[in-house]
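First comes the structure, then the notes that go with it.
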Amino acid sequence: MLTAYTADQIRAAEQALMARLPDGTLMERAAAGLAACCAAMLGRVYGARVVLLVGSGDNGGDALYAGVRLARRGAQVEAVLAGSKVHEAGLAALRQAGGRVRGIEAVDRADLVVDGLVGIGVTGALREPYAKAVARANQGPGLVVAVDVPSGVDASTGRVPGAAIQAHVTVTMGACKTGLLIDPGAGYTGRLELVDIGLGAYLPDPDVAALTDGDVADLLPEPGAESDKYRRGVVGVAAGSEEYTGAAVLAVGGALHAGAGMVRYVGTAAPVAQVRSHWPEAVITELREPSLDGVGRVQAWVLGPGLGTGDFAHELARRVLASDVPVLVDADALTLVSRDPTLLRRSAPVLITPHAGELARLMRVPRERVEASRLEHARRAAADLGVTVLLKGSTTLVAEQDRPVRVNRTGTPALATGGTGDVLAGVAGALLAQGLSCYDAGSCGAYLHGLAGRLAADGAPLVTADVAAAIPAAIRSLS
Ligand SMILES: NC(=O)C1=CN([C@@H]2O[C@H](COP(=O)(O)OP(=O)(O)OC[C@H]3O[C@@H](n4cnc5c(N)ncnc54)[C@H](O)[C@@H]3O)[C@@H](O)[C@H]2O)[C@@H](O)CC1
Ligand SMILES: [K+]
């Protein structure tokens, strides 16, 4: 599990650790790790042009001391002092090692730019002259390594209120910061490298966490010798409509490929015909009325993809949500729920799977606000609605009250095509039916969906149905 922390959590841990160590030890450790990463990026240090962007805080100090180490190995190190003050001891050490102070134009000929403008101490949008320095460094020819956090990214939230460094690599000190995993900040982070400075024992429970292959393998249920279809989970899918038949096919396909013991599909004539021809293994109930009478036992429902938003859909949603099993609420069902919030008054668990626009509608705020502060909105929706929230996006979040928000790191832009959300709903619904909690089903579902997207795309455009088909390969790839 990759865990991440807010700036306040990191500061508290650093203070506790620092109290037991001689002055300057942590910065030495940080600088040593940073210099090693810079050297690896450069390949050959001797003769390389390294430009340090140095702000007025300790983030600049890290950059200066890393510069000292690179200068001692023969790099030509130049420091651009952007702040009103500078870490004096660090600057003196750099000068002694042969480093020079230069203007911002130095970035135009750098092999490597080390962004030490600001780290966890940032507040608000970058001020001048930082913002201009960032713009120039982003356009320069060199590789860019961010110290601790790309300057301009809020370490605690991932918000990017103004200019920000677009890093190829971010070398983060002690522990990962929340803002490096959450969009938009995650999009500025590049490859993430963690330098161990000994903080581990002092860290509290994480603010956010990202699953890894091993975590997902441990969480997924393994069918035992005594498994039957009920033990492996029966998932009900209420999706599709006369207008939208494909969503039903994709959601059922997602569920079937994610290990459900059985899929029961309920819908009207047109989607029923499509589901029947695509998935002979689905057990189908054709609905003339919005009723679940005679549908049989299910252990979790997937509700909403392509369902429509008329009276029929509303009544069907009401009946599904009146059941006493977990329900995944997606797509059109989210529209129904935002119109009629009483639908969510139930005691069994609910996993909602909105994208930013759908969450904005549910929370009655502008979409841009959700996009700018995804973490905050996912958390608030989970608390206010009393549900588990899976907020879709390039980094999908799963929020549940009093738990670290799970961040999915397997996503790929290839998945930004129509219908992939329907597959995700089916996959996560199948995991719910197999007994995973909403929190685990949402985060494992997003993880497998991302992996399957990568496998299905394999560097080329993908067809959504292939994502469902690639789920078993994604599961196999975990071990
Ligand atoms: N405290 C420690 O023991 C350690 C700190 N480390 C480094 O120290 C950093 C934190 O240092 P600081 O607390 O000095 O804070 P920072 O260096 O992150 O930033 C504080 C400085 O940035 C300026 N600033 C804040 N917002 C700004 C904005 N929007 N535009 C322009 N300037 C802005 C402030 O005026 C202040 O001078 C970490 O990110 C990490 O790089 C590491 O060396 C590890 C050990
Ligand atoms: K930085």
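Heads up, residue numbers simply count up from 1 along the chain you see.
Each residue, glycine too, has its Cβ placed from N, Cα and C.
Model, not experiment: these values are computed from the prediction.
Copied over from TrEMBL, here are the features:
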BINDING   58-62, 119-125, Tyr130, Asp148, Ala247, Gly306, His355, Asp422  (6S)-NADPHX binding site
BINDING   Asn59, Asp115, Ser151  K(+) binding site
BINDING   Lys392, Gly393, Ser394, Thr395, Thr396, Gly421  AMP binding site
DOMAIN    10-205  domain 'YjeF N-terminal'
DOMAIN    212-478  domain 'YjeF C-terminal'
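Feature annotations (TrEMBL) mapped to structure.
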| residue | record | CB count, 10 Å |
| --- | --- | --- |
| Asp58 | (6S)-NADPHX binding site | 23 |
| Asn59 | K(+) binding site | 27 |
| Asp115 | K(+) binding site | 33 |
| Ile120 | (6S)-NADPHX binding site | 24 |
| Tyr130 | (6S)-NADPHX binding site | 23 |
| Gly306 | (6S)-NADPHX binding site | 24 |
| Lys392 | AMP binding site | 23 |
| Thr395 | AMP binding site | 24 |
| Thr396 | AMP binding site | 28 |
| Gly421 | AMP binding site | 25 |
| How big is the Cα-to-Cα gap, in Å, between Thr395 (AMP binding site) and Asp115 (K(+) binding site)? | 24
| field | Additional residues around AMP, ordered along the sequence, whose Cβ is within 8 Å of the centroid of Lys392, Gly393, Ser394, Thr395, Thr396, Gly421 | value | His355, Leu391, Leu397, Asn408, Gly411, Ala446
| So of all those binding-site residues, Asn59, Gly393, Ser394, Thr396, Gly421, which one's Cα sits nearest to Gly306 ((6S)-NADPHX binding site)? | Gly421
| request: Kindly state the mean pLDDT of the domain 'YjeF N-terminal' (10-205) in the predicted structure. | output: 97
| task | May I ask which of the binding-site residues Asp58, Asp115, Ile120, Ser151, Lys392, Thr396 have a CB within less than 6 Å of any atom of ligand 2, listed in sequence order? | result | Asp115, Ser151
| request: Would you count the other C-beta atoms found within 10 angstroms of the C-beta of Ser151 (K(+) binding site) for me? | output: 28
| remark: Near K(+): residues not in Asn59, Asp115, Ser151 with Cβ within 8 Å of the site Cβ centroid are Leu53, Gly55, Gly60, Ala63, Gly116, Leu117, Val118, Gly119, Ala146, Val147, Asp148, Val149, Pro150, Ile165
| task | Measure from each Cβ of the binding-site residues Asp58, Asn59, Ile120, Thr123, Tyr130, Thr396 to the atoms of ligand 1 and list the residues where some distance is under 6 Å. | result | Asp58, Asn59, Ile120, Thr123, Tyr130
| For Asp115 (K(+) binding site), the three-state class that DSSP assigns | strand
| Got a sec? Which of these binding-site residues, Gly61, Gly393, has the most Cβ atoms within 10 Å? | Gly61
| request: Could you tell me the maximum Cα-Cα distance in Å between the residues recorded as binding AMP, namely Lys392, Gly393, Ser394, Thr395, Thr396, Gly421, rounded to a whole number? | output: 14
| query | Among Thr123, Ser394, all listed as binding-site residues, which has the most CB atoms within 10 Å of its CB? | reply | Ser394
| message | Near Tyr130 ((6S)-NADPHX binding site) in space, meaning Cα within 10 angstroms, which of the binding-site residues do we find among Ser151, Lys392, Gly421? | response | Ser151
| message | Nearest of the binding-site residues to Gly61 ((6S)-NADPHX binding site) by CA-CA distance, picking from Asp115, Ser151, Lys392, Thr396, Gly421? | response | Asp115
